[in-house]
Amino acid sequence: MIVKPMVRNNICLNAHPQGCKKGVEDQIEYTKKRITAEVKAGAKAPKNVLVLGCSNGYGLASRITAAFGYGAATIGVSFEKAGSETKYGTPGWYNNLAFDEAAKREGLYSVTIDGDAFSDEIKAQVIEEAKKKGIKFDLIVYSLASPVRTDPDTGIMHKSVLKPFGKTFTGKTVDPFTGELKEISAEPANDEEAAATVKVMGGEDWERWIKQLSKEGLLEEGCITLAYSYIGPEATQALYRKGTIGKAKEHLEATAHRLNKENPSIRAFVSVNKGLVTRASAVIPVIPLYLASLFKVMKEKGNHEGCIEQITRLYAERLYRKDGTIPVDEENRIRIDDWELEEDVQKAVSALMEKVTGENAESLTDLAGYRHDFLASNGFDVEGINYEAEVERFDRI
């Protein structure tokens, strides 16, 4: 059949297998051009890498950079729905297939484990695989985005919420497909919702992974572990950083400090990344309007980055520098949101957001760029793919 995107409430309900494959191949191509022999000369390099949440966005870019930039062996974990002959799989499932196929072609070791990374069963599978291969991890990337987590100790399923504290949040958001502007409101969270969000999106599971891998002797001396986070602009603070998600991110940062204290042989960091269109960010109110405005400003300035540009910069200019140092802020966080939060960028973005109406959103902001990134994360609007061609089956790429 001919496959067109099915979008409802900022969620794309289907995926294009060949589009996903081409998207992965394009990122691999970019990585090879960016992480040159000159970039790597005299710097340490990752050899054995575990990526938790490897199938989309920053996690996928991290795995691609490790493997195709530095030649690392990778184990990836993600929870995806497989395609069948007649039914769509999730984009991440096709991305994983494309990654493994490309790795095999280049003789790179890659194992993708499909399942709930929050569970102890999946941790045991990773441990078994690493022992079988005889490797210790020197880089562990924690890039999980999930609305729910079942606590392995209690069996209780916790659900995260995106809510402010204290008072109702009201802000402008835009429908990226119609340009329609609307006010949205979010009611304040109660204590139970805040605690549940920390359970899902805080550092508890990250710490559990590190402890179990450490106990089994699978962490290389000097192993780096990273968890990804976001701070963002003033416009989203009340809902995001000063709300329930912010509470979880604070817990994540506290976890990094604790991991460093308890495991002197490893280095744990939170990496604060740029705001981008991912399957996770597309459903956050206010974010589409902010990102469409940000993209406009940064593209005009010439320093706009997507996931792969951000992550190759993270590896080349933060994690694996020639002088061996990892630059951090006063909270020991790696900052690659630096270009996003430059004062002139934020001033220009705020000014744009003030002027936006339903009539001028398309011309004033980069809604077209936002739409492209949103569709491309599901395998659509990818250059070089004929979307009028029939897709014969959905269980392969």
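The count begins at 1 with the first shown residue.
The backbone N, Cα and C atoms fix where each Cβ goes, glycine too.
As given in Swiss-Prot:
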- TYR240: active site, proton donor (ACT_SITE)
- 53-58, 79-80, 116-117, 144-145, LYS249, 276-278: NAD(+) binding site (BINDING)
- TYR230: substrate binding site (BINDING)
- GLU80: site 'Plays an important role in discriminating NADH against NADPH' (SITE)
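Taking the features listed in Swiss-Prot, we show where each one sits on the structure.
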residue	record	DSSP (3 states)
GLY53	NAD(+) binding site	coil
PHE79	NAD(+) binding site	coil
ASP116	NAD(+) binding site	coil
TYR230	substrate binding site	coil
TYR240	active site, proton donor	coil
LYS249	NAD(+) binding site	helix
VAL277	NAD(+) binding site	coil
Practice task
Quick one: give me the count of other CB atoms within 10 A of the CB of GLY57 (NAD(+) binding site).
Solution key: 25
Handout entry: Protein Cβ atoms within 10 Å of SER55 (NAD(+) binding site), excluding its own
Key = 27
Handout entry: Chain-internal residues, separated by at least six, CB under 8 A from GLU80 (site 'Plays an important role in discriminating NADH against NADPH')
Key = SER55, GLY89, THR90, GLY92, TRP93, ASN96, ASP114
Handout entry: Cβ neighbour count (within 10 Å, all chains shown) around ASP116 (NAD(+) binding site)
Key = 17
Exercise for the section: Find the one among the binding-site residues GLY53, GLY57, PHE79, TYR230 whose C-alpha lies closest to that of the residue listed as 'active site, proton donor'. Expected result: TYR230
Completion exercise
Same chain, |i - j| six or more, Cβ under 8 Å of TYR230 (substrate binding site); the result in sequence order is TYR240, LYS249, VAL272, ASN273, GLY275, ASP337
Practice task
For LEU144 (NAD(+) binding site), just give me the three-state DSSP call.
Solution key: coil
Completion exercise
With neighbours defined as other CB atoms within 10 A, the best-packed of the recorded positions PHE79, TYR240 is TYR240
Completion exercise
Other C-beta atoms within 10 angstroms of the C-beta of GLY53 (NAD(+) binding site) total 25
Problem - Same chain, 6+ residues apart, C-beta under 8 Å of the C-beta of LEU144 (NAD(+) binding site), given in sequence order - result: LEU52, GLY53, GLY59, ALA117, PHE118, ASP205
